Structures are given as C-alpha cells and as structure tokens.
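Residues or ranges marked as L-glutamate binding site in Swiss-Prot: Ser9, Arg42. Under the heading pyridoxal 5'-phosphate binding site, Swiss-Prot lists Gly76, Arg77, Trp102, Thr153, Asp174, Gln197, Asn239, Thr240, citing sequence analysis as support. Annotated N6-(pyridoxal phosphate)lysine per Swiss-Prot: Lys198, in sequence order.
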Amino acid sequence: MAQIFNFSSGPAMLPAEVLKQAQQELRDWNGLGTSVMEVSHRGKEFIQVAEEAEKDFRDLLNVPSNYKVLFCHGGGRGQFAAVPLNILGDKTTADYVDAGYWAASAIKEAKKYCTPNVFDAKVTVDGLRAVKPMREWQLSDNAAYMHYCPNETIDGIAIDETPDFGKDVVVAADFSSTILSRPIDVSRYGVIYAGAQKNIGPAGLTIVIVREDLLGKANIACPSILDYSILNDNGSMFNTPPTFAWYLSGLVFKWLKANGGVAEMDKINQQKAELLYGVIDNSDFYRNDVAKANRSRMNVPFQLADSALDKLFLEESFAAGLHALKGHRVVGGMRASIYNAMPLEGVKALTDFMVEFERRHG
C-alpha cells in the first residue's frame, strides 16, 4: 500500500504504530477473546485502561495534583457551554478574547448563559493578520473568568504567550488543536479543554483539566453530563464513556512518552512548521497572510497566486498521497494540518510536491 499522509484538520492523522496495535488487538484485547469496545467500562480491565490513560496524560503535561482530569463527551462545542455553566458561580459576566472562528463560536454559545465582555484581539500588521499581545488585552474587574483559544485551526493563528494576569484571574482555554504539541504551564489556567480528534485520539472524547477549587459551582440548570463535579465524583463515568476513543487515546499517550514526550514533539513540530512556511515564504506562487509572530504550527493555511489552479493542486496532491489539503470553506485555499502524528517525512513530501507544482505551473 502506498504511503498516505493525511493533512486533515480533524479527525486527524493518528500514529501508524498506534493504529497497528489497535488493529492487532481489535478482536482479542488483553487475551479476553473480545474487543475493548465490548467490555464493560466498569470492569477491572477497562478501569485499568482509564487509570493508565489519566496517569500518562498527567505525566506528559506535568498536571499539578490540585487539578482534576476529566474524560468527557461533547467536544469543544460542548465545553463552550460547560465552561460558563460550571465556572460563573454567582457572577453574570466573563471576559472572552476573540482572535478567530472558534473563539467567536465560544462567545456565541456563552451569550446563552452570561454577558460576555468581548475583547477583539484581531489586528492587521503590514497587511498580515495578527493578534494583539496579552499585555494589551482589556479585561474587566467583575468577570468570573477569561476565555481564549490558543490555536485557531481555520484562521491558522496561534497565541503562544503564557497567560500572566494574576492569581485572581481564572483563565479558561480551548486547547483542542494544540494540546500535547508543546509544553504548557497548566498552573496558569483554571480550565483547559480539548477535543480529542486532533492531537489526542479519535473523535468522541473531550479532555478537561480543571483546578479543583473551581468545582462545586455549577449552575443549577447545568446538565449533569456537563457538570464537572459530577463527572469528577464518578471518575468520568457518570454515563457510559466513549470507551474505544479513551482506549485509543491512551495508546497515543504511551506513544508520545515512548517518543520523547511533549518536549520532543515541540522540537519536531517546530521543524515541520519551519520547513513548510519556508517553502511558502520563499515563493511568489504560494502565500500565507498571517504575521510570523502568530503563525500556527499546527494548521498552516496557504493560497495559490492563481486560485484557478486550486482544483488541479488538490487533485494532483491527492494522487501523490497527500490528502485533505483543501482549506476550510470559510477561508478557501489550502490548509495543511501537521499535528503530532504527522511525521517530518510527510511535510517533506508536501513541500517537495509544492516546489514541483510551482515549477510546472508558476
């Protein structure tokens, strides 16, 4: 079978070694003669999977002991509601920083539960899209928390600064597309959440890291399945969890640990991004309109100088084993998502194709 590199933004490419192990274990897991998808989530065998996954995840991100890790349903959009429902307490407003599509989506959902104080951080610098530095973010005095999205998959915009707003500011962040790609100081956040389908595992699982002093504040109308305290008290098993996604994510965590952990992923991700952006920047045929300080290392959107060639680019790249390069419908063009599971080899194959395509059509 020819090598395929999947540049999908999510569900995204998974490590080949993980898929191979899952394939080998699919019908006979742990010698039980059944699939992991068929065992009880409350049985000792799966409890071990769940406990190991949480431990490995904590190890990878150095999660402090005063933070709870929850394995949830609902995706990032579910957390757009869960955060205000759990963290507002008796307050009625929260600060929301708008830097792109997903931040705006979180704001739209939050309006159902509170009055967001929205700070538009988007700016244009020398004709390029950028984000105001955190020191310029205008936060209110009476907000229950501040929410932002460190990586915008559609816009290709990243906010790599570490929050430093003082101990009284509860920072909530949507890390769906950048979790585990670089070290983060978890202690600077009150809530971190991430849909699994980009850097963790299959779609259907969402991981929440929440500081324990924030538990117990849920709105009375908060659905039990979104209540952090209920999920924590029930070991993330208030109802039947997405067991296969949990199991496969656990395999990804072990793969990460075996391959140098988050620090090593950080180095490789930097190499991949530099290679791809280098080809774009050294060409008049391709362009990226994000300021270098805010370029995403996970999601690289780019446009061709002649959009009439877009269809041919996608057809030929697909035939070359470079899949899912079509840009999001909101922005068009191309987008290469190069999460942890994308090897440097895959990005090299893409850049080689781009250079050759430009030679023939530039």
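Including glycine, each Cβ sits where the backbone N, Cα and C put it.
Overlay of Swiss-Prot feature records on the structure.
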residue	record	Cβ within 10 Å
Ser9	L-glutamate binding site	21
Arg42	L-glutamate binding site	11
Gly76	pyridoxal 5'-phosphate binding site	23
Arg77	pyridoxal 5'-phosphate binding site	16
Trp102	pyridoxal 5'-phosphate binding site	22
Asp174	pyridoxal 5'-phosphate binding site	27
Gln197	pyridoxal 5'-phosphate binding site	24
Lys198	N6-(pyridoxal phosphate)lysine	30
Asn239	pyridoxal 5'-phosphate binding site	11
Thr240	pyridoxal 5'-phosphate binding site	10
All-chain count of other Cβ atoms within 10 Å of Thr153 (pyridoxal 5'-phosphate binding site): 24
Rounded distance in angstrom between the Cα atoms of Gly76 (pyridoxal 5'-phosphate binding site) and Arg42 (L-glutamate binding site): 26
Entries of Ser9, Arg42, Trp102, Thr240 which, being binding-site residues, have CA atoms within 10 angstroms of the residue listed as 'N6-(pyridoxal phosphate)lysine': Ser9
Integer Å distance between the CA atoms belonging to Ser9 (L-glutamate binding site) and Thr153 (pyridoxal 5'-phosphate binding site): 7
Rounded Cα-Cα span from Asp174 (pyridoxal 5'-phosphate binding site) to Arg42 (L-glutamate binding site), Å: 29
Distance from Ser9 (L-glutamate binding site) back to Arg77 (pyridoxal 5'-phosphate binding site), taken between C-alpha atoms, in Å: 16
Assigned element (helix, strand, coil) containing Asp174 (pyridoxal 5'-phosphate binding site), judged by DSSP: strand
Per DSSP, three-state class assigned to Trp102 (pyridoxal 5'-phosphate binding site): helix
Where Asn239 (pyridoxal 5'-phosphate binding site) sits in the secondary structure, as DSSP reduces it to three classes: coil
